[in-house]
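Contents: one structure, followed by commentary.
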Amino acid sequence: MTKSVAIIGAGITGLSSAYFLKQQDPNIDVTIFEASNRPGGKIQSYRKDGYMIELGPESYLGRKTIMTELAKDIGLEQDIVTNTTGQSYIFAKNKLYPIPGGSIMGIPTDIKPFVTTKLISPLGKLRAGFDLLKKPTQMQDGDISVGAFFRARLGNEVLENLIEPLMGGIYGTDIDKLSLMSTFPNFKEKEEAFGSLIKGMKDEKNKRLKQRQLYPGAPKGQFKQFKHGLSSFIEALEQDVKNKGVTIRYNTSVDDIITSQKQYKIVYNDQLEEVYDGVLVTTPHQVFLNWFGQDPAFDYFKTMDSTTVATVVLAFDEKDIENTHDGTGFVIARTSDTDITACTWTSKKWPFTTPEGKVLIRAYVGKPGDTVVDDHTDNELVSIVRRDLSQMMTFKGDPEFTIVNRLPKSMPQYHVGHIQQIRQIQAHIKQTYPRLRVTGASFEAVGLPDCITQGKVAAEEVIAEL
């Protein structure tokens, strides 16, 4: 008898889950329920007058190869693009400083660029050197904040001016609350293995160099995109699973998931009902609490903070903007008096996105705990971005157009202890809800390849239990 699985959510995790379900069992009956009118979730590519603009995620990390492999499987191998490499900067102390060469996420691995940078004072550099002498950092209950860990290893100055701008922005979380073991456990592993974070990351750098030497003609950039945007990946994945028999229902809100020992009843669109053997839930926690909120095991998600952010895109004629910094973008130290947290010079990092003679800039607004995105109109956010960017470049005219995309409560914050909570919840789900999995960014996926990996694992686990 044919088994059936319902997937809630047609974002990258949900579509990937459908792909891997069909890969495991081509005969399985798969239906995706999506409340909106399109697939992709936060992924949204916008094409206008020769521009290709990402309103959500901009790219993915190439060394997490599962997304590249999946792209090849669905026919997009020739569309994969690698970013143009160039200098990245940190805005601190009212100035743009080049990120020291050889550093990995701000951690120095080459002595000369670190010693000569003006971003860190001589005393701050000396303090960072104590990492070579310190014993491994003690954790309480198996976790520690990113801030406490790097402050102990490299000192406060390196933390504030190098580490925090690079790491804090990825997760939209105060680094003194951000869980190390939920986000960057590899740094703790390197510290334990080598007795020093600097030594450990130097080893990591050497491994990457050796890997690159195996493929001398490969592009040097870390990030991948598609020449028609990330939405082209979503569209190809959607078409692939539909060709394999997956049904996708858009504009379909799930009202409830009713459990039983043998099957799950999906209640949708005001009391319509269907029964499935298995369920994969891939929505944000604010949504899945509607169905699991009565279960005390899910109480952790009721107190989980999420940061609201916005991307602000500005398109200029190149004569109307002067930028003396040759690079691909910058991040901002939290000690700086700005509302933006980072900026990508998109036309330099991804030249294919921008017509000849034009400049495309993408700025990010929204810090943990602030309300700047909620408190201002789109026009006001554009003005705020231009005000902040005027500290780094000169505007000689107005942008040809601007786009503001708000992402309300889109970045779940992984506070210290998060990974332990998630493991307990996942164990509870496996025990209490057989053939059902809940997955997505609220658990442990932030990058796009991580979402695909979670979808694959969830699909394989449900298949094994059917």
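Backbone N, Cα and C atoms are what each Cβ position is placed from, and that goes for glycine too.
Computed from a predicted structure; not experimentally measured.
Per Swiss-Prot, the features are:
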| type | residues | note |
| --- | --- | --- |
| BINDING | 9-14, 34-35, Lys42, 56-59, Val254, 446-448 | FAD binding site |
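Overlay of Swiss-Prot feature records on the structure.
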{"residue": "Gly9", "record": "FAD binding site", "Cβ contacts under 8 Å, 6 or more apart": "Ile32, Phe33, Glu34, Gly41, Val281, Thr282, Thr283, Val287, Gly440"}
{"residue": "Ile12", "record": "FAD binding site", "Cβ contacts under 8 Å, 6 or more apart": "Gly40, Gly41, Ile43, Ile234, Leu237, Leu448, Cys451, Ile452, Gly455"}
{"residue": "Gly56", "record": "FAD binding site", "Cβ contacts under 8 Å, 6 or more apart": "Gly41, Lys42, Ile43, Gln44, Leu230, Thr311, Asn405, Leu407"}
{"residue": "Ser59", "record": "FAD binding site", "Cβ contacts under 8 Å, 6 or more apart": "Asn83, Phe223, Lys224, Gln225, Leu230, Trp350"}
{"residue": "Gly447", "record": "FAD binding site", "Cβ contacts under 8 Å, 6 or more apart": "Tyr60, Leu61, Lys64"}
